[in-house]
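J.: Before we start, here is the structure in question, set down as structure tokens.
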Amino acid sequence: MTETQPGLPAMPQQPLILASSSPRRRHWLEAMRIPFEIQVPEVDETPLLDEEPGDLVLRLAELKAEVVARRNPDRWVMAADTTVAVDHHTLNKPVDVEDAVRMLTLIQDRAHQVHTGFCLQRNDDTHSFVDTAQVVFRPLTEAQIRWYIATREPMDKAGSYAIQGIGALFIEGVEGSFSTVMGLPVERMGDLFLQLGLLWPWMGLPR
Ligand SMILES: Cc1cn([C@H]2C[C@H](O)[C@@H](COP(=O)(O)OP(=O)(O)OP(=O)(O)O)O2)c(=O)[nH]c1=O
């Protein structure tokens, strides 16, 4: 029999499941010492016809969480999806060097939006939202853009840059959450963990 103390969970809370292959999302959870394991869902990330970027990231975050939550009854599963929007363009990860050139040419010397969809789900209990940050880029010449792409940093990032890397040098300012640009809105995620009483039990303390 498991001994319980008032206010303490009867058994240790199961770790979170991160439904993502993103090293950035893993990084944030490790940095915050949240216990987690990774299960990567296979989902089709193709946008629907005329789908708005905010709708796209929410749908994909919910889909990734749903797929993994169905396989893991009674476990909390977290997923996210990030995209960059400028005018009517949605910029996902570049498919090749020329695609990255196209994206960086579009976003240099102006502002764009980064939308990150987030979903936390256990069984049918789903909590999801979209967080948006605005990023202003400095002007870049084609030679500078090609130099940046040659570093390979842009190749697995939405919008073809990394705010957490060399890309920081090209950014004039950010309005909103830095972590949202990196792919995980950690401030709003923390709010949700607290509201649901998940955070402190993960740290071994009462909720
Ligand atoms: C704009 C920007 C994006 N990114 C990253 C975050 C995301 O990992 C990636 C967008 O791709 P996503 O499709 O959101 O995520 P992913 O394919 O890396 O992982 P998964 O779908 O398995 O969860 O771009 C940065 O790391 N820095 C940035 O500044």
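Quick reminder: no glycine exception, Cβ is built from N, Cα and C everywhere.
This is the feature table in TrEMBL:
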type: ACT_SITE; residues: Asp81; note: active site, proton acceptor
type: SITE; residues: Arg24; note: site 'Important for substrate specificity'
type: SITE; residues: Thr82; note: site 'Important for substrate specificity'
type: SITE; residues: Gln164; note: site 'Important for substrate specificity'
J.: CA-CA, which of the recorded positions Arg24, Asp81, Thr82 lies nearest Gln164 (site 'Important for substrate specificity')?
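T.: For Gln164 (site 'Important for substrate specificity'), the spatially nearest of the recorded positions is Arg24.
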J.: What same-chain residues, at least 6 away in sequence, bring their CB to under 8 Å of the CB of Arg24 (site 'Important for substrate specificity')?
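T.: Non-local contacts for Arg24 (site 'Important for substrate specificity'): Gln164, Met182, Gly183, Leu184.
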J.: Near Thr82 (site 'Important for substrate specificity'), which residues of its own chain have a C-beta under 8 A away, given they sit six or more steps off in sequence?
T.: Val57, Val114, His115, Thr116, Gly117, Ala158, Thr180, Val181, Gly183
J.: Could you work out which of the recorded positions (Asp81, Gln164) has its C-beta surrounded by the smallest number of other C-beta atoms within 10 A?
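T.: Candidates: the recorded positions Asp81, Gln164. Fewest Cβ atoms within 10 Å: Gln164.
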